[in-house]
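**Student:** Provided herewith is a single structure, encoded as structure tokens, for subsequent inquiry.
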Amino acid sequence: MKWITPASLILLLHFAASKALHENEFGIASTLDSSQCVTEKNVLSIATITFTQFVPEATEEEVNKMTSDVLAAMKKNSGDGCLESQLSVFLDEICHETELSNKYGLSGCCSQSGVERHQCLLARKKTAPASVPPFQFPEPAESCKAHEENRAVFMNRFIYEVSRRNPFMYAPAILSLAAQYDKVVLACCKADNKEECFQTKRASIAKELREGSMLNEHVCSVIRKFGSRNLQATTIIKLSQKLTEANFTEIQKLALDVAHIHEECCQGNSLECLQDGEKVMTYICSQQNILSSKIAECCKLPMIQLGFCIIHAENGVKPEGLSLNPSQFLGDRNFAQFSSEEKIMFMASFLHEYSRTHPNLPVSVILRIAKTYQEILEKCSQSGNLPGCQDNLEEELQKHIEESQALSKQSCALYQTLGDYKLQNLFLIGYTRKAPQLTSAELIDLTGKMVSIASTCCQLSEEKWSGCGEGMADIFIGHLCIRNEASPVNSGISHCCNSSYSNRRLCITSFLRDETYAPPPFSEDKFIFHKDLCQAQGKALQTMKQELLINLVKQKPELTEEQLAAVTADFSGLLEKCCKAQDQEVCFTEEGPKLISKTRDALGV
């Protein structure tokens, strides 16, 4: 984002280099301190998470051995009951295991040292390896037996299995899920209907796991792509909306620390991620009387639940009597004469005030508003007529809000009219045109997530559509960009993903079609029909139809609605005829080629 200067909104550079430093060069205090007393109880689960996320291919036995070894090494270097907690201790252990290092291709990273070794090992964490199978909860009877025999081993196995499949999920989130699952097992093993109890409660945990992992990976990807500056800006917005009663001094302090914690978590520094998160939550609860009246119930919870509760608590309400007039916010000061540091602090204070007076606006919309606001200030300060130049300022800022609200209304109207399946088909056509290089499975998964956004957000009251939609779309687009980072899709998607974080959604929305895409030669293999179409039901049949739709659009991206309707009608006719035939396979063999020929003639392919 151009409006954030190289010095960054909240300078975190010196603080990130040393935990012992409690103020940055702006004199912003920190809620954190340099004390890191780590006990054996802390280390066991954290070591499992750290080793498993860095080496997800490792077996549970290999991870347990590294955990045991690193704990012994920590104890040896400690004389006061506080164990050494530097990330390097864990990385040393990974590389010390030569057999493991060679077995899993770590020797290249382990031949390096310090920051280089750390970054090399981090680069391997981009995705969970294909060799790791999807996670499956054990059968209820098996779970109850194992949990009763050795609760600690059972829960450590859960932490291991979750960590290896979610390499970017923050340690506190994994531990919170583990605590929830522990309670589920205890409750369901005593229930009359164990199967039903486990099925219901596990579904909730699986949903939280999926959403939490996606969010954490998205944040880490944004930091990796855009650096800490965007993170600091979004942190100011989120904190100001959540803690609307807090003054700017408190928000600066918390933004500094929360942004730093995100970076620790994304660097794989699970111990500091956990401990510093606890310190910030403790501070927030100790100051709740001046920060927010909405977190009182959260602050009564155990630490393992506290963070999740505060993060998911409702945003605050706009303080009574507080208003913001953007055209008067600068006053009689000359923005052009501000130093870079003064501009940073001024824009940070604008973000704070605008966010706390608009607690329900999407974060991305506020980022766009701030970008436009600074651009107008820069231009008007140069004109010499600041008051007159700002006449249309509020109109220009309001356009961002109106665009987001209009899109959310349009999307929810479509969802309410079409329903899940037809809306997904509409998205499939659009995204196959934008990204025809993606596989059918990727496109179906991607558009399925879009339908999930609509089904979640459009159930809310209309004033919440925009905030919900923009927030979920940010994560959805973020994961498209993570896919693009791993293997570039096309130049249009790359441009949207890389040029501006705040404008990603706008860019993807306006990118209608990859004009560089050349359809492949027509292949009848993609349009062969068999009797399994008659046997397929529900989701399986829908997927088969959607794969056909994707192949049609890939073959002819400019496919019109009329052409699509005609092909769909012909295909439905084929299904009806052949599924009633005495020999379905013979019917498809005879009639299928006729449909393909008719379709090719109609589409000119």
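Each position is counted from 1, following the chain as shown.
Every residue gets a Cβ built from N, Cα and C, even glycine.
Owing to the predicted nature of the structure, the values given are computational and were not obtained by experimental measurement.
Residues or ranges marked as disulfide bond by Swiss-Prot: Cys95-Cys110, Cys109-Cys120, Cys144-Cys189, Cys220-Cys266, Cys265-Cys273, Cys285-Cys299, Cys380-Cys389, Cys412-Cys458, Cys481-Cys497, Cys496-Cys507, Cys534-Cys579, Cys578-Cys587 (among others). The domain 'Albumin 1' feature in Swiss-Prot is assigned to 19-207; the stated evidence is sequence analysis. The annotation domain 'Albumin 3' is assigned in Swiss-Prot to 399-597. Residues or ranges marked as N-linked glycosylation site in Swiss-Prot: Asn247, Asn498. The phosphoserine annotation in Swiss-Prot covers Ser107, Ser111, Ser113, Ser340, Ser440. If you look up Swiss-Prot, you'll see 1-18 marked as signal peptide, on the strength of similarity to another entry.
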**Student:** Could you check the disulfide-bonded residues Cys412, Cys481 and say which one's CB has the fewest neighbouring CB atoms inside 10 Å?
**Tutor:** Cys412
**Student:** By CA-CA distance, flag whichever of Cys110, Cys144, Cys265 among the disulfide-bonded residues is nearest to Cys507 (disulfide bond).
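**Tutor:** Closest by Cα: Cys265.
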**Student:** Got a sec? Which of these disulfide-bonded residues, Cys220, Cys285, Cys299, Cys380, Cys534, has the most Cβ atoms within 10 Å?
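**Tutor:** Compared across Cys220, Cys285, Cys299, Cys380, Cys534, the most Cβ atoms within 10 Å surround Cys220.
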**Student:** For Cys95 (disulfide bond), what is the tally of other C-beta atoms lying within 10 angstroms of its C-beta?
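**Tutor:** A count of 19.
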**Student:** By a simple count of other Cβ atoms within 10 Å, which of Ser113, Ser440, the modified residues in the record, is least packed?
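**Tutor:** Per-residue Cβ counts within 10 Å for the modified residues Ser113, Ser440 bottom out at Ser113.
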**Student:** In the predicted model, what is the mean pLDDT computed over the domain 'Albumin 3' (399-597)?
**Tutor:** 92
**Student:** Give me the non-local Cβ neighbours of Cys120 (disulfide bond): same chain, 6+ apart in sequence, Cβ-Cβ under 8 Å, ordered along the sequence.
**Tutor:** Gly108, Cys109, Gln112
**Student:** Using Cα coordinates, what distance in whole Å links Asn247 (N-linked glycosylation site) and Cys389 (disulfide bond)?
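**Tutor:** About 30 Å separates the two Cα atoms.
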**Student:** Can you tell me which recorded positions out of Cys95, Cys266, Cys299, Ser340, Cys380, Cys534 are within 10 A of Ser111 (phosphoserine) by Cα, answering none if there aren't any?
**Tutor:** Cys95
**Student:** For the disulfide-bonded residues listed here (Cys266, Cys273, Cys496, Cys507), which one has the lowest count of neighbouring CB atoms within 10 Å of its own CB?
**Tutor:** Cys507
**Student:** Measuring CA to CA, name the entry from the disulfide-bonded residues Cys110, Cys389, Cys579 that ends up nearest Cys299 (disulfide bond).
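**Tutor:** Of all the candidates listed, Cys110 is nearest in space.
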**Student:** Roughly how many Å lie between the Cα atoms of Cys497 (disulfide bond) and Cys220 (disulfide bond), rounded to a whole value?
**Tutor:** 14
**Student:** Can you tell which of Ser111, Ser340 has the least company, meaning the fewest other C-beta atoms within 10 angstroms of its C-beta, among these modified residues?
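**Tutor:** Selected from the modified residues Ser111, Ser340 on minimum Cβ neighbours within 10 Å: Ser340.
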**Student:** Going by C-alpha distance, which of the disulfide-bonded residues Cys389, Cys481, Cys579, Cys587 is nearest to Cys285 (disulfide bond)?
**Tutor:** Cys481
